[in-house]
């Protein structure tokens with residue numbers, strides 16, 4: 001019996017990254033796709049509570065969710081499309097158009113799709129493809145499809161390597177298969193941000209802002225393990241284990257003394 005995989009993303013149902021993901025796994029498992037009807041990049045772990053959501057069926061087991069976030073997609077798919085006794089064996093979010101590394105994970109709708117999956121007790125992986133920009137014309141996703149397929153088969157055959165409420169965050173380098181150097185397990189790097197609020201004026205002189213993306217810059221955390229940024233920009237696939245518990249345990253005793 002085929003395993004069941006639930007797929008979402010944050011770039012929208014018509015993203016070439018989502019198409020590449022489906023192509024990589026179409027013969028590996030039974031796929032159900034529930035993706036946002038519109039791009040939801042950087043929406044974070046947002047759940048829609050103030051407006052109704054509607055599935056729009058595009059094909060057998062393929063849906064777009066009108067006004068939905070990746071978190072909505074996973075939440076509703078698990079609670080409205082799947083029977084209690086037939087939940088998916090794996091949830092995959094991606095393939096994101098661009099990296100999700102360091103503190104960018106907290107903004108990422110792609111990472112949040114996987115985050116929602118593990119909240120519901122289902123092994124989950126977020127895949128992101130490093131790009132120079134979002135213009136994917138002519139980009140074949142060959143390495144990304146290879147990586148997705150290899151890691152998915154490994155999980156389905158050998159089990160998920162992490163415990164409860166932990167997911168895998170995978171970043172794929174912007175290189176061809178022949179330049180691919182292999183896999184490395186990494187920690188989150190220290191993302192550097194700047195002022196990317198861009199002021200514009202319309203023809204009537206009214207001001208508005210666009211928020212841009214800061215160039216990919218980071219610091220290492222001075223630990224023994226390399227960061228996701230360093231590894232992925234050197235031609236390796238970065239695999240980072242992410243846990244939902246954000247407690248700063250090393251600060252508890254000092255905080256107790258402070259109060």
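Cβ atoms are placed via backbone N, Cα and C, with glycine included.
Annotation comment: Swiss-Prot describes 10, 11, 41, 96 as divalent metal cation binding site, evidence class sequence analysis. Residue 10 (divalent metal cation binding site) counts 33 other C-beta atoms within 10 Å of its own C-beta, drawing on all protein chains shown.
Of all Cβ atoms in the protein chains displayed, 30 besides its own lie within 10 Å of the Cβ of residue 96 (divalent metal cation binding site). Here the binding-site residues are 11, 41, and the one ringed by the most other CB atoms within 10 angstroms is 11.
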